[in-house]
């Protein structure tokens with residue numbers, strides 16, 4: 001399972017990186033989202049999968065999956081949501097102001 | 001904090017008050033009068049050390065600076081440091097006195113001038129009294145910086161800026177080289193203290209870093225002391241006001257390199273590499289400087305080359321003297337120890353006569369408005385006192401009696417003759433070159449000394465060529481050169497006064513082994529019979545006079561040397577090339593496209609993480625502890641890969657966004673499989689909201705390019721981007737596999753499984769978030785608030801702009 005997951009995560013990173021390297025702002029944001037999925041899966045896989053029951057004490061299981069990675073990922077998901085939202089609004093704004101969503105055309109400043 | 005440290009720091013402290021004094025009193029009193037107090041007080045303070053040091057005691061005070069790194073501000077006063085300290089403060093006082101009359105208090109920015117000057121003085125004192133090499137380095141660079149500021153004192157002039165930059169680039173380069181040499185020394189000896197290094201000479205000499213450390217330290221010394229080929233900065237440094245040229249660029253700062261070589265002679269000396277590098281470069285510089293001085297038409301240019309030449313002379317003497325360490329102690333060692341005596345004696349003499357000459361040139365410049373030899377002449381009767389001082393200084397420089405230069409020049413000749421008989425270090429083959437180069441250089445020294453005096457003060461007075469009507473300088477301006485000129489004569493008649501109190505302890509500091517084991521018989525006398533040295537001097541005078549008279553006939557030879565291969569031309573073109581090359585290189589990779597920079601980041605990630613994995617040999621694969629896989633998990637994975645590729649390949653934005661949503665939901669399915677119910681729930685909610693957000697933006701953002709240009713078939717692939725992305729994917733996979741295969745520590749999750757007891761919560765993940773790491777979560781909420789505010793602001797700002 002872990003080996004397969006590693007390959008899956010690698011694919012996520014590769015696709016995410018390729019999207020980030022494109023010019024369109026929307027694609028870049030899509031790329032960051034895919035990479036963060038990869039990161040979440042990476043963290044949880046590294047914590048060991050299916051090693052015990054869910055980390056809920058009331059269910060009566062004797063061993064639990066590592067709860068710490070889960071807590072970390074929970075934080076990561078929420079923060080990722082916040083950054084994605086900002087990315088989206090930023091790209092919306094820059095398109096409104098600059099009239100393009102192509103990063104190649106956003107080069108330089110008025111002084112140049 | 002001892003009195004010694006206060007002495008070193010007081011110029012810096014006083015410098016803070018100089019601008020204030022300038023503001024309050026400058027209309028009535030020249031700021032220089034206040035500054036003058038400092039060197040005079042320190043000079044008197046240092047004089048008190050003479051009795052103790054001449055009887056072999058050294059003063060030592062420690063002050064903790066960064067004790068955890070073994071870096072302490074250890075002040076150490078021995079014979080060598082004391083000679084320099086007296087020169088720095090003595091000449092410093094005279095120069096400040098001179099500058100009071102030289103720099104007008106109405107026109108010049110005196111507060112800057114004296115702040116820099118005091119900074120230099122403090123740095124120089126710190127340099128010669130530091131025992132810790134890192135402290136020494138700090139002061140060393142401070143002297144470079146203050147020299148830079150002083151050369152650029154008249155920063156409106158382009159030449160001043162050029163000269164300042166040149167000196168800065170060369171001396172700082174040397175300083176950095178020296179620092180690396182110092183670091184190597186401390187690696188070899190495990191100490192930063194120079195005196196502790198003396199006790200470990202055997203370890204250093206046998207170490208493989210010995211030669212590199214020696215060369216690096218010497219680069220520092222050679223750049224500072226303007227040795228060939230680093231000498232080119234000194235003539236351009238003459239753009240500084242003349243008091244500065246007299247002080248920094250002839251009497252003190254350029255002698256810091258001499259100090260460094262003398263100080264490190266016990267560490268490196270006695271080896272053939274040190275002997276050849278120091279004496280060889282010294283002799284080349286001696287010849288180069290004296291030959292080039294003759295062709296100068298600017299009086300200060302002449303003095304600059306003359307300084308280079310004299311520094312070369314002192315340097316070569318130090319090299320010759322280092323042979324004494326090879327012999328340990330005994331008659332032969334004493335023979336070469338005499339060269340060290342000569343070096344330090346000549347250094348003192350040089351400071352007196354060259355200081356006087358610089359001041360004379362300053363006076364000529366000040367009173368006639370030019371320093372051009374071709375326009376000057378016949379000033380003897382107009383400026384009799386200045387003329388007398390010039391004669392004393394120049395004749396001393398030429399090595400004539402009855403001036404101190406004669407004594408040290410004779411000692412120099414004696415040393416080169418002695419060393420030519422040396423049988424070690426391949427000297428039986430090359431030894432004869434030493435007296436020949438020394439003699440030829442001395443002939444040229446004689447010629448330029450004569451040019452300096454006679455072309456300026458004899459000949460026809462040409463008032464029409466001068467900007468001002470020439471007249472004798474005011475008495476205040478003459479005091480300092482007169483004092484220095486008197487010293488030139490006094491030292492000739494009473495050389496052993498210096499010999500006993502200053503030279504002996506200095507030589508003892510340079511050659512400690514000899515000082516301990518033999519009684520140094522040091523007696524300097526003007527007359528020692530009809531020996532080789534005397535005949536050499538007579539020969540110099542005879543040939544020098546002849547060549548000076550026939551100067552016009554052979555001076556044309558200088559023009560035959562092509563201008564394009566002078567050191568200056570090489571420096572200038574190297575500087576130009578360095579600038580244009582670095583500009584074109586920077587333009588190549590700093591494209592201004594964010595995409596390129598991101599590509600660099602990912603490229604670096606691949607190289608760094610992948611490289612670390614390979615170099616540390618930590619790629620491993622261990623699937624023995626892996627959890628089992630069942631069919632529907634594989635199906636989920638395949639679905640995820642398909643969804644991810646759909647995002648990548650989708651031609652329409654809607655497909656891409658929806659695929660991303662699918663991907664997110666699939667991830668939450670995985671969280672269910674991985675026994676993470678909280679994550680699954682959160683992911684579901686967040687994914688829904690995110691998709692909604694994407695769709696909102698979708699409405700506003702333009703279509704993908706591929707959609708716009710339908711004629712293009714398929715998505716254009718960029719090969720480089722593809723390679724980078726595959727590289728990142730592979731590295732991450734390898735990393736994940738290796739990390740999974742190597743478990744170094746036990747998980748710490750066991751602690752949290754007590755969450756009911758510790759926090760009263762049955763959901764461990766929740767307990768971690770809101771209890772164990774509660775503050776963390778609070779800050780996370782804070783981040784969300786900021787994000788929400790930013791989103792709101794960005795959207796609102798757009799509206800108000802549109803409303804306008």
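Using N, Cα and C of the backbone, Cβ positions are placed for all residues, glycine too.
From a predicted model like this one, the values you see are computed outputs, not experimental measurements.
The DSSP breakdown of the domain 'NADH-Ubiquinone oxidoreductase (complex I) chain 5 N-terminal' (B:66-113) into helical (H, G, I), extended (E, B) and coil residues amounts to 31 helix, 6 strand, 11 coil. The domain 'NADH-Ubiquinone oxidoreductase (complex I) chain 5 N-terminal' annotation in TrEMBL covers B:66-113.
The domain 'NADH:quinone oxidoreductase/Mrp antiporter transmembrane' annotation in TrEMBL covers B:130-423.
Annotation comment: TrEMBL describes B:639-703 as domain 'MrpA C-terminal/MbhD'.
Taken through DSSP, the domain 'MrpA C-terminal/MbhE' (B:722-796) splits into 61 helix, 1 strand, 13 coil. Annotation source TrEMBL lists domain 'MrpA C-terminal/MbhE' at B:722-796.
Marked as transmembrane segment by TrEMBL: B:6-25 (among others).
For B:32-50 (among others), the entry in TrEMBL reads transmembrane segment.
Beyond the transmembrane segment (B:167-184), the same-chain residues lying 6 or more positions past its ends with a Cβ under 8 Å from any Cβ of the stretch are 133-134, 136-137, 140-141, 144-145, 147-148, 151, 209, 212-224, 230, 232-234, 236-237, 260, 575. Here TrEMBL flags B:167-184 (among others) as transmembrane segment.
Annotation comment: TrEMBL describes B:244-262 (among others) as transmembrane segment.
Listed as Cβ neighbours of the transmembrane segment (B:303-329) (distance under 8 Å, sequence separation of 6 or more from its ends, same chain) are residues 225-228, 231, 234-235, 237-238, 245, 249-250, 254-255, 257-258, 261-262, 265-266, 268-271, 274-290, 292-293, 296, 335-340, 342-343, 346-347, 350, 354, 357-358, 361, 397, 412, 415-416, 418-419, 422, 424-425, 434, 438, 441, 444-445, 448-449, 452, 510-511, 513-514, 516-518. The annotation transmembrane segment is assigned in TrEMBL to B:303-329 (among others).
Proximity of distant same-chain residues to the transmembrane segment (B:335-364), defined by a Cβ-Cβ separation under 8 Å and at least 6 residues beyond the stretch ends, is recorded for 80, 83, 87, 91, 94-95, 98, 102, 242-243, 245-247, 250-252, 255, 258, 262, 265, 299-300, 303, 306-307, 310, 313-314, 317-318, 320-324, 327, 371, 376, 379, 383, 386, 389-390, 392-394, 396-397, 403-405, 407-409, 411-412, 414-415, 418-419, 452, 456, 473, 477-478, 480-481, 484-485, 487-488, 491, 495, 498-499, 502-503, 506-507, 510-511, 514, 520, 522, 524. Look at TrEMBL and you will find B:335-364 (among others) tagged as transmembrane segment.
Annotated transmembrane segment per TrEMBL: B:376-398 (among others), in sequence order.
Per TrEMBL, transmembrane segment is recorded for B:534-551 (among others).
What TrEMBL lists as transmembrane segment is B:597-619 (among others). Sequence-distant contacts of the transmembrane segment (B:597-619), counting only residues of its own chain at least 6 positions beyond either end whose CB sits under 8 Å from a CB of the stretch, comprise 589, 720-721, 724-725, 727-728, 730-731, 734-735, 737-738, 742.
The transmembrane segment feature in TrEMBL is assigned to B:657-674 (among others).
Taken from TrEMBL, the feature transmembrane segment covers B:680-699 (among others).
As annotated by TrEMBL, transmembrane segment applies to B:781-799 (among others).
Note on the transmembrane segment (B:534-551): residues 294, 398-400, 406, 409-410, 413, 417, 435, 439, 442-443, 445-447, 450-451, 454, 528 of its chain, located 6 or more positions outside it, place their CB under 8 angstroms from a CB of the stretch. Sequence-remote contacts of a segment are chain residues at least 6 beyond its ends whose Cβ falls under 8 Å from one of its Cβ atoms, and for the transmembrane segment (B:32-50) they are 3, 7, 10-11, 14, 18, 21, 25, 59, 77, 82, 85-86, 88-90, 92-93, 96-97, 99-100, 103, 110, 114, 117-118, 121, 125, 501-502. Beyond its flanks by at least six residues, the transmembrane segment (B:376-398) meets 299, 306, 310, 349, 352-354, 356-357, 359-360, 363-364, 367-368, 370, 404-406, 445-446, 449-450, 452-453, 455-462, 466, 470-473, 478, 481-482, 484-485, 488-489, 540, 544 of its own chain at Cβ-Cβ distances under 8 Å.
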